[in-house]
Amino acid sequence: MGKYVVALDQGTTSSRAIIFDKEQNIVGVSQKEFTQIYPHEGWVEHNPLEIWSSQYGVLQEVLAKTNITADEISAIGITNQRETTIVWDKNTGEPVYNAIVWQCRRTAGIVDELKKDDEFAEYVKANTGLLLDAYFSGTKIKWILDNVEGAREKAEKGDLLFGTVDTWLVWKLTNGKVHVTDYTNASRTMLYNIKELRWDEKIINKLGIPTSMLPEVKNSSEVYGHTNLGGVGGVRVPISGMAGDQQCALFGQTCFEKGSAKNTYGTGCFLLMNTGEDMVLSKNGLVTTIAVGINDKIEYALEGSVFVGGAVIQWIRDELQFIHDAADSEYFAKKVEDNGGVYVVPAFVGLGAPYWDMYARGAIFGLTRGANRNHIIRAALESIAYQTNDLLTAMAEDAGCKLASLRVDGGASRNDLLMQFQADISNTQVLRPIITETTALGAAYLAGLAVGFWESKEEIATKWAVSKSYGPTFESAKREKLNKGWKNAVSRVKGWAE
């Protein structure tokens, strides 16, 4: 048994490789950003070959800079941006089109047509746990087949394969030998029946997707195949853990108990609550998804997705050029006592849960002559907490109880002003763990459990510990006034682009 597990964390803006030891210490990290492609308004793409080269590059780099040899690696786990859709030629290994990213809204028109069939929309929700939306993979595959020359003909001949990013990476790591996904990633395609645990023929046929394109669905923790680290003749290392980034974060936060929840503050924000073996269908705009599948035992989760979370700070930095570094946002936000009545609604690509409005667009409200750069920066930061609070409110109604506490992770969870405002506006205890790399840690856990590197979930759970706790300080009247202002702002951006 080797001394380490490697997590490959393929995110929306960068690829990372993180090495953990048995005590969950981070031994090494390598990261590489890659190109964001915006061909038209509302469209977002990545180059699948750049995803692969950046991910494989950081794997090689982290091993080199830590002087860890391949035979010291017990297993590789993969976590990935979900829903992002790649279609490639199985004979040449070449993608037929760029990866269509989860944020991309190009299939909104396809979704509108599908929504005209009320019975089908209800069927999708009841069987996939998802809502008909451009966010998920199904309509993205259809778009590629309908719009890339020769793609449909190739697909019908059985020459094309579909995969979310996890599937693509495993296929590349195994030199095209293994075409698989796991339960969690399958549950984000809008093609997978999460009750019966199978690809849903009714939905697949409605979208015109040949079943030969679809990967085999496996557990989130099992050996899928091996990769040669060090090239041909190198050490064969098992790839033995795989889950979507948000499910990995839930697992990495050791939210193993029914009712436990976490929020990840990344490019978007993603709130997940473990509902155990109960598949709870939301009445409040959330989606139902698979939390994890181990030994063919499925646990479900309620999920709310915010499309633009930390990305609003990138916008403040890159487009408005108010700050030089994302970390500066807290410094400038603290220069004013409050938002000065200013609200930023960052609906750049529509609104996710609980609104699900593909046609909403971003806006800044409440500007007066006294409003300055710092008010806008603060309002942008606060928008992340307001959107999360919308999810918490919906989740409490669906679950029938208020969350006692919220475990947090992701880059923006290190922002103390944001975390305190989250506790205040949500009237909830916010807990940041010592290890905030919970997404990568979850992938490492899943891989390690499959090969005996860690013995059990119980062993893992004992390692979770709080770094900082934030308690609510607002009076209820202040909280209600601020939330009312936010709701007013959101109401004005809905349907803007119709």
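Please read every residue number as a count from 1 along the shown chain.
Including glycine, each Cβ sits where the backbone N, Cα and C put it.
The feature sn-glycerol 3-phosphate binding site is assigned by Swiss-Prot to Thr12, Arg82, Glu83, Tyr135, Asp245, with sequence analysis given as support. In the three-state DSSP classification, Glu83 (sn-glycerol 3-phosphate binding site) falls within coil. Every protein chain shown contributes to the tally, and the Cβ of Glu83 (sn-glycerol 3-phosphate binding site) ends up with 26 other Cβ atoms within 10 Å.
Summarising the annotation, Swiss-Prot assigns ADP binding site to Thr12, Arg16, Thr267, Gly310, Gly411, Asn415 and lists sequence analysis as the type of evidence. Sequence-distant neighbours of Arg16 (ADP binding site) (same chain, 6+ apart, CB under 8 A from its CB) are Leu8, Asp9, Gln10, Val29, Ser30, Gln31, Lys32, Val58, Ala440.
According to Swiss-Prot, the feature ATP binding site maps to Thr12, Thr13, Ser14, Thr267, Gly310, Gln314, Gly411. The Cβ of Gln314 (ATP binding site) has 14 neighbouring Cβ atoms from other residues within 10 Å, across all protein chains displayed.
What Swiss-Prot records for Arg82, Glu83, Tyr135, Asp245, Gln246 is glycerol binding site, and it gives sequence analysis as the kind of evidence.
Gln246 (glycerol binding site) falls within a helix when secondary structure is assigned with DSSP. Around Thr13 (ATP binding site), the C-beta neighbours below 8 angstroms that are at least 6 residues distant in the chain are Glu33, Phe34, Gln36, Thr267. There are 21 other Cβ atoms within 10 Å of the Cβ belonging to Asn415 (ADP binding site). Sequence-distant neighbours of Arg82 (sn-glycerol 3-phosphate binding site) (same chain, 6+ residues apart, CB-CB distance under 8 A): Trp102, Thr164, Val165, Thr184, Asn185, Arg188, Gly244, Asp245, Gln246. When the Cα positions of Thr12, Thr13, Ser14, Thr267, Gly310, Gln314, Gly411 are compared pair by pair, the longest gap among these ATP-binding residues is 14 Å. When Cβ atoms from all protein chains are considered, those within 10 Å of Asp245 (sn-glycerol 3-phosphate binding site) total 29, not counting its own.
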